Amino acid sequence: MTKGKIITLEGPDGAGKTSVLEQLVLKLEKDNEQSIVTTREPGGVAISESIRNIILDVNNTEMDFKTELLLYIAARRQHLVEKVLPSLSAGKLVFIDRFIDSSVAYQGEGRGLNKSDIEWLNDFATDGIKPDLTLLFDVPSEIGIARINQNVNREINRLDLEKLEMHQKVRQGYLELAKANPDRIVLIDASKPLDDVVDEAYRVIKERFAH
C-alpha cells in the first residue's frame, strides 16, 4: 500500500490558499497516483466544526488569547484522531488547510503568546506528528486584506476584523517558520495570478514525492 502523507497549506489571511487547494487537487486527481483527502482546520469533523464556529464568531469579542489557542488545539486533536490518522492508515494523501504552523504564527507571533508553550501543545495534540510537506503561500499583508475586502462571497470572521499590524505579525511569524524549517516548508509567492500559484504548488509536490 502507498504510504499516506500529510501536506499542509499555510499562509496569512487573503493568501488564497483555499482557492489554490481546489484547483491543485483537480490537477493531482488527473494523475490518478494516490487517493486524496482534503480537510481544514479548525474543522473537518463535526466536533471540530462546532469549535470553529465558537472561535470565529464575530460576537465573541471577549475571547481571551489563551482560550482561543486552547480551542484551536482541542479542534486539532479531534480532527487528527477522527479524520487525519484513519486517512493516513488507508494510504491517502491528506491535504489540510491550516495545521500546527497556524497556531505558532497567529497565537504566537500575532497574539504574543509563548511559542514554546504552543509548540508543546501542538506536540501534545498531534502526538508529535508533523506534515510531510508544508506549502506556505506568502502575500504582503496589504494585498491580503484587500483581497478579503473584495471577496463578496467570503464570510467575514472574527480574525478578519483584526488591524493591519496583527496581519503583519502573522506574516512575519510564517516567514520565520519557513527559515527555521527549510526541509519541510516551501515558500510560494501567492501575489501572482491563481493559475501560476497552482502550477508552482503542483510542481513542488511532484518534485518532493517523485517515485
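Each residue, glycine too, has its Cβ placed from N, Cα and C.
What Swiss-Prot annotates here:
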type	residues	note
BINDING	G11, P12, D13, G14, A15, G16, K17, T18	ATP binding site
### Query
10 Å Cβ neighbour count around T18 (ATP binding site)?
15
#### Entry: Spatial neighbours of G16 (ATP binding site) that are distant in sequence (at least 6 apart) but have CB under 8 A
F137, V139, R147, A190, L194, V197
### Query
Given the binding-site residues G11, P12, G14, which one is most crowded in terms of C-beta atoms within 10 angstroms?
P12
#### Entry: Any further residue of that chain within 8 Å (Cβ to the Cβ centroid of G11, P12, D13, G14, A15, G16, K17, T18) of the recorded ATP site
F137, V139, G144, R147, A190
### Task
Kindly assign K17 (ATP binding site) to one of the three DSSP-derived states: helix, strand or coil.
helix
### Query
Going along the chain, which residues six or more apart from A15 (ATP binding site) have their CB under 8 A from its CB?
F137, D138, V139, G144, A190
### Message
Just to confirm: which same-chain residues, 6+ apart in sequence, have a Cβ under 8 Å from the Cβ of K17 (ATP binding site)?
### Response
L9, E10, G11, D97, L135, F137, A190
